[in-house]
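Colleague: The following block contains the structure, expressed as structure tokens.
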Amino acid sequence: MEKIEEQFANLHIVKCSLGTKEPTYLLGIDTSKTVQAGKENLVAVLCSNGSIRIYDKERLSVLREFSGYPGLLNGVRFANSCDSVYSACTDGTVKCWDARVAREKPVQLFKGYPSNIFISFDINCNDHIICAGTEKVDDDALLVFWDARMNSQDLSTTKDPLGAYSETHSDDVTQVRFHPSNPNMVVSGSSDGLVNVFDINIDNEEDALVTTCNSISSVSCIGWSGKGYKQIYCMTHDEGFYWWDLNHLDTDEPVTRLNIQDVREVVNMKEDALDYLIGGLYHEKTDTLHVIGGTNKGRIHLMNCSVSGLTHVTSLQGGHAATVRSFCWNVQDDSLLTGGEDAQLLLWKPGAIEKTFTKKESMKIASSVHQRVRVHSNDSYKRRKKQ
């Protein structure tokens, strides 16, 4: 079996999205999980203007666009069993659209509690439960839950919450990720540095909390890895990386597999630079965890993850001209979608003929959007390098 680092190194750009009337940062990418004969594969992209664009994957042409106006959208996720696409909104709702229909109004609206501002969310693997994380308001930072199923007895398009967890985070809940195969397991990350694992099949919040891990810094990304997805990885807004093994919770073995306060200081990039982390990539067939990072000039780095540390393996270049903010790996055809601050969506495929195009420079972005998308900062890193 070809290793993922070999697949990654063999990627070439086959398609670049056409320009849009309003260029935006591309902050998140997800692809439709359903494949239907005679129908295009869909890609959903979260944009910094608060909208979600739906693309045809092969042509990278915009099919339609959904807006959260007057709120801003955070996160994008396709359902696992249909072409519904979800996003959390700062107006206190999670919205659901039919990605194949150009209808402005959501087909479902999941309402939060008064004063909720949602900045993260996920839907579980059987599409039954949605969980969204809030900004801290007064002393409350919540995880709010809904039943996502359509009920033939209740045709209402608006749903109220099933309930909420309110005791386990003390600051903004920046990340929510359900387990890939267990619909009752969910992990949340926060600006308070805590990463909490819950079994939502248990009635009350205190008993549902399986374990708490501490990244000591604001969480920017979390995910599941390992055989049976019994491990959790975490990245922080100051480019830290943490990796925990839940198999060791009831043993004498350490739960922490890896703890790196600043990846930029420890990974040997040879002549290249590493400016930020983008996300993680667990390859189930080879049981390997990889970390994706990049440079402010648009290079994309693949690093292997082991208990001994992170190792730079290979890089992609010639695509983006600015910071890369999002990616989505397709295990079916080993293709890669990337998006960033140059407003371009790129499709990479293995062994393809390289497509040439003109790079776009990074765009200016409004300070309000800068704050919302939590732009990674090099300031602390530069200060430490001077010391």
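Glycine residues also receive a Cβ, built from the backbone N, Cα and C atoms like all the rest.
Sharing the features that Swiss-Prot gives for it:
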- 21-65: repeat 'WD 1' (REPEAT)
- 68-107: repeat 'WD 2' (REPEAT)
- 112-156: repeat 'WD 3' (REPEAT)
- 168-208: repeat 'WD 4' (REPEAT)
- 214-254: repeat 'WD 5' (REPEAT)
- 319-358: repeat 'WD 6' (REPEAT)
Colleague: Under the DSSP assignment, what numbers of helix, strand and coil residues are found in the repeat 'WD 1' (21-65)?
Modeller: 0 helix, 23 strand, 22 coil
Colleague: Which stretch, 168-208, 214-254, 319-358, tops the Cβ pairs under 8 Å count with the repeat 'WD 1' (21-65)?
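Modeller: The stretch with the most contacts is 319-358.
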Colleague: DSSP helix, strand and coil counts for the repeat 'WD 2' (68-107)?
Modeller: 0 helix, 18 strand, 22 coil
Colleague: Spell out yes or no: are there three or more C-beta pairs under 8 angstroms between the repeat 'WD 4' (168-208) and the repeat 'WD 5' (214-254), with each pair 6 or more apart in sequence?
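Modeller: Judged by the Cβ rule, the two regions touch, with the required three close pairs present.
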Colleague: What is the average pLDDT across the repeat 'WD 2' (68-107)?
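Modeller: Averaged over the repeat 'WD 2' (68-107), per-residue pLDDT gives 95.
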